[in-house]
Amino acid sequence: MAGISAASCAAEFIGTYLLVLTVGCNVLSSNPNWGGVSIASVLMVMIYALGGASGANFNPAVSLALGLARKMEDGWKQVGLYAVVQLLAGLLASLTYALLFGRVFNLGPTKNFAWWQAMLCEFFYSFMLCFVVLNAAASRKIGGKNQFFGLAIGFVIVSGAYGPGAVSGGCFNPAVAFGIDAISMTMGFGWFFVYAAFELLGAAAAVAAFLIVRPEEKSGCQPPDEYGLSTKLVGECIGTFFLVLTVGLNVLVASKAAAFSIAASLMCMIYAIGDISGAHFNPAVTIAILMGKRNAITPKEAGCYCLTQLLSGILAAFVYEAVHAGDTFPLGPGTGFGWSNVMVAEIVFSFVLCFVVLCVAMVKPQPAPEFTGFIIGSCITVGGLAIGQVSGGALNPAVSLGIATTRAIVGAGTFHPCILYIFFELIGASIAAGLFRLVYPEEYRKK
């Protein structure tokens, strides 16, 4: 991480300015479908452009997380200076979009949502952003040793911009919140302090999680070749939680970009903790690996993985239900479709996901190790868009169980569709394992 210098401060100013300006321009252009991609893209390209100059924080919450994790070369002085520069850049950027469009917008929870519902979104997705930064860009094991860090960090915004963004506005950054709130002062001022508090809390929580999943960061020991089971399970819990949470928050606001947003959440968490647990986040994937790749995972580990994923999915489902004040949605065939359609859809596209995981992540050498997360995440884009209207495109027993559990308990729905969905998804996983052993027989024979 670069230390304090005129160059590093200038880099932070430029990157933050362009980020906040892009946020404002997209909001004022009424660009609901592609706005999140635009904002994620400017963050990504600026990380690659300026990471070598300043570390490319562009966010006081990220700077705080790096400071708490002792990843800042000049310590707390650098954290404070970066935060001041970022806030000033956010203010200038907001002035720029106000002059460009001749109007502004206010900061605050969106219509029909209370402050605490919006702050849950800001907390969790600020956590996610800082957690991905710490793991992909700053960890001792993979930080500075990969080329996917900018993609992983930038596309956290895609995962958070649509579902959570429809509740809170999707800042996840005190510099964004400050710029928006300050320039719209005539419409009311003060939400910045609430937003910033929860974003900074999310950053602090991300550091705590980071030190749990990477114990070497605290102990100073060399990173292990393989982490212990308990560490792996924490990683699976976090990854599955954010995957299911993103599903629910997108579906409940009828997001037009749901498939891409959910795919982004999977991709980002694969890049963050794939080297820790393998980043399954899906009992169907775990079963496919158990059946298709010899000695990749033991039956005991697979059972622990599946249980953790299922429980995490239920927890995430109750969080999205709380954010929407008791609203849930059913698991079942879409309008005009029956259970035979669901069966074919879930089997085929669960097969696609599990088969791709096996073929790109479980072979040696891997065909495209830097693109593994993007490739696997893209399976969700494939399935979500192709069969979303048929079955919802769950493709994951943890997703199915979470949806069905909250619907049965809170929404007065039925639980039994979950059993069918899980059965179909595991059939898809089994077929994937069998065909993987057919097309890559040497991988199954390896001891």
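Cβ coordinates are placed from backbone N, Cα and C, and glycine is handled just like the others.
Annotated features, as they stand in TrEMBL:
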type     : residues : note
TRANSMEM : 37-58    : transmembrane segment
TRANSMEM : 79-101   : transmembrane segment
TRANSMEM : 113-136  : transmembrane segment
TRANSMEM : 148-169  : transmembrane segment
TRANSMEM : 189-213  : transmembrane segment
TRANSMEM : 233-253  : transmembrane segment
TRANSMEM : 259-281  : transmembrane segment
TRANSMEM : 302-323  : transmembrane segment
TRANSMEM : 343-363  : transmembrane segment
TRANSMEM : 375-399  : transmembrane segment
TRANSMEM : 419-440  : transmembrane segment
Do the transmembrane segment (259-281) and the transmembrane segment (419-440) come together with 3 or more C-beta pairs under 8 Å, pairs six or more apart in sequence? no
Under 8 Å, at least three CB pairs between the transmembrane segment (343-363) and the transmembrane segment (37-58) (pairs 6 or more apart)? no
Do the transmembrane segment (189-213) and the transmembrane segment (113-136) share at least 3 Cβ pairs under 8 Å, sequence separation 6 or more? yes
Most Cβ pairs under 8 Å with the transmembrane segment (233-253), selected from 113-136, 302-323, 375-399, 419-440: 302-323
Quick one: find which recorded stretch in 37-58, 148-169, 302-323, 375-399 has the most Cβ pairs under 8 Å with the transmembrane segment (419-440). 375-399
Ranked first among 37-58, 148-169, 302-323 for CB pairs under 8 angstroms with the transmembrane segment (375-399): 302-323
